[in-house]
Amino acid sequence: MKAKHKLRQAIDTLYSRGQAATEEAYTQLVLDCTRVNDVELAKRLQSHMDLNFYEPNTTFLHNRLLHFYAKSGKLFYARDLFDKMPLRDIISWNALLSAHARSGSVQDLRALFDKMPIRDSVSYNTAIAGFANKGFSREALQVFSRMQKDRFEPTDYTHVSALNACAQLLDLRRGKQIHGKIVVGNLGGNVFVRNALTDMYAKGGEIDKARWLFDRMNNRNLVSWNLMISGYLKNGQPKKCIDLFQEMQLLGLNPDEVTVSNILGACFQTGRIDDAGRLFHVIKEKDNVCWTTMIVGYTQNGKEEDALILFNEMLSEDVRPDKFSISSVVSSCAKLASLYHGQVVHGKAVVLGVDDDLLVSSALIDMYCKCGVTDDAWTVFNMMPTRNVVSWNSMINGYAQNGQDLEALALYDKLLQENLKPDSFTFVSVLSACLHADLFERGQNHFDSISAVHGITPSLDHYACMINLLGRSSDVDKAVDLIKSLPHKPNSLIWSTLLSVCAMKGDIKHGEMAARHLFELEPINAGPYIMLSNMYAACGRWEDVASIRSSMKSKNVKKFAAYSWIEIDNKVHKFVSEDRTHPETEIIYEELSKLIKKLQEAGFSPNTKLVLHDTQEEEKVKSICYHSEKLALAYCLIKKPHGVTPIRIMKNIRVCGDCHLFMKFASDIIGRTIILRDSNRFHHFVGGNCSCKDNW
């Protein structure tokens, strides 16, 4: 600070004298500006020269200023000085070229390079590095070829830039040619060249070649280890990534943020989520990438609550979230159907200025839709400055899943009017909307258009939608005929869709056929066993129910736990059927009993046909009356007896027919909207009706 103060005083003194200084004085002051790294003082000194019409006899003084401006990223200053220089040499041109390479546009860099009256190896190296660093790899390699034609020998610095360009383009052929020239010229001893070669082979998919080079490096640095670890991760070998990290630790090398973020990614890919958490918390220096990797990893591995907790920690540590961390946290809120937390994160995105980002906006649309608030999703969608097909899909699917099927189909028509090309996922949403709205002919037309109009090969997801449409609209035989004509071998989705249709239609024959295929494809999946058992129980075939149970036991098929959850005062409460673990169990059951009595007085009668056990009617009633979503509803009525906002309940499997009817009656009796999200779709219960129109 003292040196800067003295320098400022010296320049002030120059201005007070009102005349040009000597060349020696100007030179010393320019050198002082570069030493204290104050580009504004240097610019002020140049202004003094301009005001006093000072013109140095050589290019040295101006070239030093040019280099300083280029290094400081001050392209405008450099351009202004260059245009005023009475004398220019190759060093002047290279300095301006460097300024453009650091801060200018690629087009301006190319134009200046072509305009140079003379070039040397520095000119070529600057241009090649400038193009490569800005992602214009083809241009970098073109200049690299031109350099050799003009008989300038590439240096190690040149080779690093050229190899980086090959890595960006995944151009192994060109990269190997450069590698060959390095070997023939007995070059490449430099660690930077070896690192660039390792990176080029790793990104090009020849990870074993990259490892061969890595193992023969005598002067490996931290970048070398990071490139190799990253290479394993990108080539789908996370275990080797972790093994190399452990080898690195044994050698006593300290990882940096790049190492940690790669290892965290490898841990998540190998299912070592706890290891990722431990590693993350022992690392003292964590950058934004490390935090984001953890949040994304938690979100993708079903640890949504951990993702939210970590996001709060990230904010408390004053680490600025980016669009990737924000969108991942929003996705966690969507999976939890936590509207409160989703709104809080939305607010943070607005403050950070990333709410208009495509990734964030699409995640927000999905979150609001999965919380059953399509109006807010539409507001986000409508305010987006630009939209891609993912944004449109999120909104179309959101409408379809929330029973607003005509809105979904209208939005699809608008997508076509905007001359956007729908993708495979678009048609899954469109066909689902047609299914839920009983628009069977329209669904068939949309299905036919997938390949005929839009040139997309229908996937098994599309065929599953059509099987559902055909099975519900006419008879199951047509759905079975479609399965027989499939161009692909039917997968579990196809057979489970048919089984679901058969369960709705009461078609035991085809249901048994679908179940047999599912038993072969997914022998330990309890879903098909339970669904077939439900079908047997519904028509009183108790021996077959017992046989299914016996088969599940012999094959060690475990029934997955069905549960519901509800958010009250920003805290999630989870329930299972006939749950008595909640600390307020007694008053929950008391409240539910009161509600059941009111509903029965209004005409509700429990559907005991859905009970899988051959027991007395009284026991069946008890069994079905205490399903998890009913307990969640009762708890909400205890905590929010006079609430006016919709009651939101989430369930991890499909809602049963009895609970669906129960919620319809309850919405009318208590006078409140109930939004129930199950594994299939949303059910908005309002005044005794459901948005699904009993088609779920």
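Just so you know, glycine gets a Cβ as well, placed from its N, Cα and C.
In TrEMBL, annotation is done automatically, which means it is predicted and not curated.
Fair warning: this is a prediction, and the values are worked out from it, not measured in the lab.
The domain 'DYW' annotation in TrEMBL covers 603-696. Positions annotated as repeat 'PPR' by TrEMBL: 89-119, 120-154, 190-220, 221-255, 287-321, 388-422.
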In the same chain, which residue numbers or ranges, 6 or more beyond the ends of the repeat 'PPR' (120-154), come under 8 angstroms Cβ to Cβ?
90, 93-94, 97-98, 100-102, 106, 109-110, 113, 161-162, 164-166, 168-169, 171, 174, 181
Quick test of the contact rule: Cβ under 8 Å, at least six residues beyond the ends. What residues does that give for the repeat 'PPR' (388-422)?
358, 361-362, 365-366, 368-370, 372, 374, 377-378, 381, 428-430, 432-434, 436-437, 439, 442, 454, 456, 681-684, 690-693
DSSP on the repeat 'PPR' (190-220): how many residues come out helix, how many strand, how many coil?
22 helix, 0 strand, 9 coil
DSSP-wise, what's the residue breakdown of the repeat 'PPR' (287-321) into helix, strand and coil?
26 helix, 0 strand, 9 coil
